[in-house]
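The structure under discussion appears below in the form of structure tokens.
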Amino acid sequence: LLLRWRRRRELWKKVKEARQRQERSLVQMEMAVRRFREQHPSMNMISVLSLPLPELSKKLRDGSLPPEHVFYAYVGKALQIATETNCITEYLQESETQLRKVKLTGKPGLLYGVPVSIKDSINCQGHDSTLGFIKNLNKPAAEDSVVVQVLRRQGAIPFVKTNVPQSLISYDCKNLIFGQTFNPLLYTRSPGGSSGGEGALVGGGGSILGFGTDIGGSLRFPAAFCGICAFKPTGNRLRPPAMNALFWSLAAVAAVGPMAKDVESLALCMRALLCEDMFSLDSTVPPLPFNEEVYSSTQPLRIGYYETDFFTMPSPAMRRAVRETKQLLEDAGHTLVPFELTNVDYVVFNFCLRGIFADGGSSFVRKFKGELEKSSMGLLFWLLKSPDWLKTVLSWIAKPFHLLMPFIGFVSFFSTVDEVWSLHHEIEEFCHQFIAQWKKLNLDVMLCPMLGPALTIGYPGKLSVAVSYTMLYNTLDFPAGVVPVTMVTDEDEEELKGYQGYFRDWWDRILAKAFRGSVGLPVAVQCVALPWQEELCLRFMKEVETL
């Protein structure tokens, strides 16, 4: 008991030190902005913050806007949003040195002088990548991740790191070290996750371009919840960071991608990243430069669509968002074709959850050993830690319940090597069948629902099964992006009173509660293309945004 007490005291000491570093970071930001304002009292920061990224980067490259004006305008705004939402974990003070050096470079890159924010889990040299774990504190990265290296070579200036949920396996944004991050649109709502700090910062206007990762919707949830755009490429188009080997699975392919206020900013970012520097630094990334012809095409598209996956019943606003977008696309001359999804419950449980936790979750649980908090995953984490005999009893008791039985069965038990090989074969077969259905309908892209509006804080941890709309495209490894298209209306709120879900179980009742009281909050749709068709996906997103 004494040893345990001493260990806990040491852990709390590390947490306290990390929080003090976070507070010092904010103080450093405040001092830097104050110094700059004293030296440039006539500078109009609001006019800088109002510029969209393509226009801002053009002004920076042609010299009509000094990089330091842009940098300190965003440091000041980021400080304000961090104070309101608790989204920033660390200020990268070396960014001020990089700012001075960037002016000395020869030919400016596409992102010359653009301040960018980076998710906690993406390595920046000399800074922790905690993933919300205390054990990862005071372990600074030895070098920048490839994405950060390419950003720097393109002239971008990473200036802050942002908050994540513990372990990244959550679409909320809370950990014991830095606490809860809040949605900038409504503080009682979650900003989404796991790139929740990025969503809050970009959504609040404190960053013009942010970078996160996505293994089940971790870019798309924060974007949808905070009313911005995000893009998840095919897994290997931009090599994702290793995430400290938290888990590895072919069942849900991880990706790294950008978040911004508009689609043109995402396209500019992809142009910048898909360059010779990326291909030479990481030989596993295929040397496919950005295809401008596909992105700028005006040819009518043949678009598949669905309003529901028949697993997670969409909120009235989600359904309306798809219907209204479909109508606008048809009016603009595009062809819309119904697409029917089947067996999504099997995909979520057997492919995604069972694939990720194929070892019975033992490696995942091991990551929490010695931590003060055991994740916000609630039921899932408790199940993974339970002894096999208890899992067997629970799965037997849960048989009458539609979702609970497979949830317990698929994530709790250890899979043999044969079963894992069989599972991967099944996933390949599913991908081939999905693509065959796509090709049979001769589709270019797909219009899909996106979970929304933003859920009340605390609810994502109770609703881990509601990732069905996003995780499907990690399993398929298709590029996917989200675009906000509407806001929740009083009529949507009234219609929500009759929401019962498809299974009328505990999860459906909780989801209905999580949606309530959302009038005025943004709702997005999801745009999807086939693997390696990032430019086509972005072109479709641009079309949706314009309409």
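Cβ atoms here come from the backbone N, Cα and C positions, even for glycine.
What TrEMBL lists as active site, charge relay system is LYS119, SER194. As annotated by TrEMBL, active site, acyl-ester intermediate applies to SER218. TrEMBL lists LEU168, SER194, ILE215, GLY216, GLY217, SER218 with the feature substrate binding site. If you look up TrEMBL, you'll see 73-538 marked as domain 'Amidase'.
The Cβ of LYS119 (active site, charge relay system) has 28 neighbouring Cβ atoms from other residues within 10 Å, across all protein chains displayed. Residues LEU168, SER194, ILE215, GLY216, GLY217, SER218 are listed as the substrate binders, and the farthest two of them sit 11 Å apart at their Cα atoms.
Spacing of LEU168 (substrate binding site) relative to SER194 (active site, charge relay system) is 5 Å (Cα to Cα, whole number). A Cβ within 8 Å of the Cβ centre of LEU168, SER194, ILE215, GLY216, GLY217, SER218, the residues given for substrate, is found for these other residues of the same chain: ILE169, SER170, TYR171, GLY193, SER195, THR213, ASP214, LEU219, PHE221, ALA254. Of all Cβ atoms in the shown protein chains, 33 besides its own fall within 10 Å of the Cβ of SER218 (active site, acyl-ester intermediate).
For the binding-site residues listed here (GLY216, GLY217), the lowest count of other CB atoms within 10 A around the CB belongs to GLY216. Counting only same-chain residues six or more apart in sequence, the Cβ atoms lying under 8 angstroms from the Cβ of ILE215 (substrate binding site) belong to LEU168, ALA252, VAL253, ALA254, ALA255, ASN474. Geometry remark: LYS119 (active site, charge relay system) versus GLY216 (substrate binding site), CA distance 16 Å. Calculated from their C-alpha atoms, the gap between GLY217 (substrate binding site) and SER194 (active site, charge relay system) amounts to 8 Å. Between the recorded positions LEU168, SER194, the minimum number of other C-beta atoms within 10 Å of a residue's C-beta occurs at LEU168. When the Cα atoms are compared, SER218 (active site, acyl-ester intermediate) and SER194 (active site, charge relay system) turn out to be 5 Å apart. Rounded to the nearest whole angstrom, the C-alpha distance between GLY216 (substrate binding site) and SER194 (active site, charge relay system) is 9. Mean pLDDT for the domain 'Amidase' (73-538) in this predicted model: 91.
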